[in-house]
Amino acid sequence: MPRSDHEDGAAVAPGHPLAKGYLLVPPGEPQNGLKAGCLALNGAGAEPARTALSPRRFAVLLIFCLYSLVNAFQWIQYSIISNVFEGFYRVSLLHIDWLSMVYMLAYVPLIFPATWLLDTRGLRLTALLGSGLNCLGAWVKCSSVQQHLFWVTMLGQCLCSVAQVFILGLPSRIASVWFGPKEVSTACATAVLGNQLGTAVGFLLPPVLVPNTQNNTDLLAYNISTMFYGTSGVSTLLFILTAIAFKEKPPYPPSQAQAALQNNPPEEYSYKKSIRNLFKNIPFVLLLISYGIMTGAFYSVSTLLNQMILTYYKDQEVNAGRIGLTLVVAGMLGSILCGLWLDYTKTYKQTTVIVYILSFIGMIIFTFTLDLDYIIIVFITGGILGFFMTGYLPLGFEFAVEITYPESEGTSSGLLNAAAQVFGILFTLAQGKLITDYDPRTGNIFLCLWMFVGTILTALIKSDLRRHNINIGIKNADVTAVPVDSPTDHKPKALTLSDQSESSI
């Protein structure tokens, strides 16, 4: 039996009379671009809506983490041994870089149809598309293990990049739809963790599975084939598990914030209006840019790490992969700790600013210690950089959900990821050019300057914890709930919607 989670409910705010199931909002209060004049309630009663936590939420989270892992593995599997694939396919290093950058390029034009699909057709269909396309792309790559078939491996990677569009925006949606207020940030961090773990495995396994044996083309082709077929088998199993176990939503909403969304009439929702609301939200726009800078810098460092390491440490492909693994594993630890901290304190802005500053400092340390001829130092500085830079990712998702509620979590997360892809492409091209023409230090200084700009923008964000306030029942509401894609399974009851700045918590 799912356990009840009533403790986060609240009574109807006094001074706001009920009228036909709606809570009237006093004139003059801001409406944030949403439907003004009333706030939909769950009925005319005085009790909060029934909420409960479903045990299935852990299975849903685990399955998502695993197929997200495989997708991230396929993103980085070429870049970490870029010199090996460059020799095998007899193409330029830029061609190999594009096998990673295509992930970023595909995301930008596809993000709007993908988030529209998530908002209008639901979580389950989006999850099936992400897992299914990931599986298909992996199998296409199995047909590309010949030196003249670079275009086939690019086709498979393009399919995986489309799958990524249906994956990256889901952590905050899964956390909000399936998890309660006291665990939502940790759940989001765990969902992001799956993608980070895939990057870590992508740094670790390819150098081991595909060693640099370019003097023996047949052996090299066999090793590449082994990696591709292994990935395909795992992807197929995860697609089957997704089809069996991944459900749209639990029987009852896990929080009062979700109850408010699920109990609104679906016809009131407009995807275009939601997009406009987000771009009118100045704090979100600032977060959009600063998140894009931070995550784009991480994508660039991950893509070019092999080139940076081999510039100063010859024939160290395996250690380059291990350094990447250290960077991501440290980031995974940072993600979980940040998620737990947010669930405990709800200090979204303070935590985000501090982590951004420490990421900037970590990037400076990494930049000026890379060429000291002691590879152990690169392991240490890479771990410090990864702890904060990768640990920032779930912070951005959760902060966005808080300051944009009741807009769709998938839409806000999707826009953040789109900004990350744009900055990732630009940073990778620019940093790669600087590394080729000058040296890795010059390329890293370029990223440091941009991260300094991102730090300033993050400090300017005005914190407004709308979702959290609804869950704890703080008065003086000024937001209007927006419905989600699927109907509720029970008769709703009354619910208070409210707002408060973070500084007063």
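Start at 1 and count along the chain as shown; that gives each residue its number.
Placement of Cβ uses the backbone N, Cα and C atoms for every residue, glycine included.
Heads up, TrEMBL stuff is auto-annotated, nobody curated it.
Database features, via TrEMBL:
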DOMAIN    60-466  domain 'Major facilitator superfamily (MFS) profile'
REGION    484-505  region 'Disordered'
TRANSMEM  58-78  transmembrane segment
TRANSMEM  98-118  transmembrane segment
TRANSMEM  148-172  transmembrane segment
TRANSMEM  226-246  transmembrane segment
TRANSMEM  282-301  transmembrane segment
TRANSMEM  321-341  transmembrane segment
TRANSMEM  353-370  transmembrane segment
TRANSMEM  376-401  transmembrane segment
TRANSMEM  413-430  transmembrane segment
TRANSMEM  442-461  transmembrane segment
So are the transmembrane segment (353-370) and the transmembrane segment (442-461) touching or not, going by 3+ C-beta pairs under 8 A with a sequence gap of 6 or more?
yes
I'd like to know if the transmembrane segment (376-401) touches the transmembrane segment (148-172) in this structure, counting it as a touch only when three or more C-beta pairs sit under 8 Å and are separated by 6 or more positions.
yes
Beyond the flanks of the transmembrane segment (376-401) by 6 or more, those residues with Cβ under 8 Å of it:
171-172, 175-176, 184-185, 188-189, 191-192, 196, 284, 287, 291, 294-295, 297-298, 301, 309, 313, 322-324, 326-335, 337-339, 342, 348-349, 351-352, 355-356, 358-359, 362-363, 365-366, 369-370, 409, 412-413, 416, 461, 467
Which residues of the same chain, at least 6 past either end of the transmembrane segment (98-118), have a Cβ under 8 Å from a Cβ in it?
75-76, 78-79, 85, 125-126, 129, 153-154, 157-158, 160-162, 164-166, 168-170, 173, 271, 275, 299, 302-303, 408, 410-411, 414-415, 417-418, 420-422, 424-425, 428-429, 485
Confidence summary (mean pLDDT) of the domain 'Major facilitator superfamily (MFS) profile' (60-466):
87
For the transmembrane segment (226-246), I need the partner stretch with the highest count of C-beta pairs below 8 angstroms, choosing only from 58-78, 321-341, 413-430, 442-461.
58-78
